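Trainee: Let me give you the structure first, and then I'll get to my questions.
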Amino acid sequence: MEPENTMENNELRTTLNDDAYSDDDAYGYDSGEDLEDHKEGKISDSSDSDSEGSSDGETITATGLECLNPKKIKAKRGLTRLSKMKNAYTNSGGKKRRVKFDAYGRFSGRYNSEFISFLGDLVRENVGLSVFNWKHVSKELRDKLWALITCYYEVDEGRRKYVMNRLGMLLRSFRNKLYEKDILPNLGKPNKLAKIPRRYRTIIRNQEHWDDFVAYTQSDQYKAVSGKSKTARSMSIYNHRLGRGGYARLEQKLVESKVIDAATMPSRSLLWYKARENKAGEIEDEAAKAIAEEMMETEKKITDGQLKLDPGNDAVTVVLGKEKCGSLRGVGTGVNPSKFFNVPRQRGSMKQQLDVLQAQLEKEKQENVEKDEQINALNERMAENEKNRSNVN
């Protein structure tokens, strides 16, 4: 089953499993969690007061692609919601669904979970196993994906980079799941490994791509990368129970159930706690439960003024330690410490937002002044040294 031009294929498809799974983000677009937004028929609801866009049912994008008309497309069976999305688009008279982003830049709003599912279906059908590394997806294909996304959803152009990054995560999740469920159990069974899994035959249509993928997962290169990822993943011992909507969707649920006020940004400790509860409101894992309770006790001390912390710290950092690599627990993908701790705790507080921006500008000004002083001092020392050398000569 060794593919032709193995070296070329491995160079092109370098890292299949290049990042460890994040303990605090859900990219499992076909997970069993959070399905209330994806039940049969709900995706085709056309009575959307929050949807705006073209009404002619046909949108021409910058790349020249047209939104597909589902009435002209033969329906295909398989693990996909794309045909439902196309039908919903047509039934609504060509209205796009608006994708919203919260204060941290994460997907939010009514269509949060649906949009992530759409992205997952889109990337695995259009990219699939054709490349092993998202970085090697061509510009033309990325433009096509963006054009298809903006056919059905209203997404600000400035959010394109974030959406593209999420596509890469979803693609990696799909391939990892494919390896764990369809290749790993069949190692040593060449007859089974030679066949594309039945449930994915409408998505993986190229036998050569499947053969290359199977061969790559047996290579030393893959095993080395996979081993590092497994080691990193094993350090995430307090796993959440979130679905595809992640922490952004959890916040929405907490507001809807009146656990938190819509005007207040919830603490990380509360989100961390709630993300590990089951449907009965209990944390089954005893170790995670002990950590969650310690976080809530620490949060109470902070709120009551019994515990004073430096900026950039909260109950989560007190209990679990400060995060590394610029990521944060309990908030999801794409939220770094600077973004999280600089967002006002009250949503919509313009005064607080202006105060934060003003403080950032003042800090930048001060840093620039200090840099200028250092440069001037260095120039003076260089001039003095040059003068001394001239005198010696």
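Cβ atoms are placed via backbone N, Cα and C, with glycine included.
What TrEMBL shows for this protein is this:
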| type | residues | note |
| --- | --- | --- |
| REGION | 1-61 | region 'Disordered' |
| COMPBIAS | 1-17 | compositional bias 'Polar residues' |
| COMPBIAS | 20-35 | compositional bias 'Acidic residues' |
| COMPBIAS | 36-45 | compositional bias 'Basic and acidic residues' |
| REGION | 363-393 | region 'Disordered' |
| COMPBIAS | 363-374 | compositional bias 'Basic and acidic residues' |
| COMPBIAS | 381-393 | compositional bias 'Basic and acidic residues' |
Trainee: Going along the chain, which residues at least six beyond the ends of the compositional bias 'Basic and acidic residues' (381-393) come within the CB cut-off of under 8 Å?
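Mentor: No residues contact the compositional bias 'Basic and acidic residues' (381-393) from elsewhere in the chain.
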Trainee: Helix, strand, coil: count each for the residues of the compositional bias 'Basic and acidic residues' (363-374), based on DSSP.
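Mentor: DSSP composition of the compositional bias 'Basic and acidic residues' (363-374): 12 helix, 0 strand, 0 coil.
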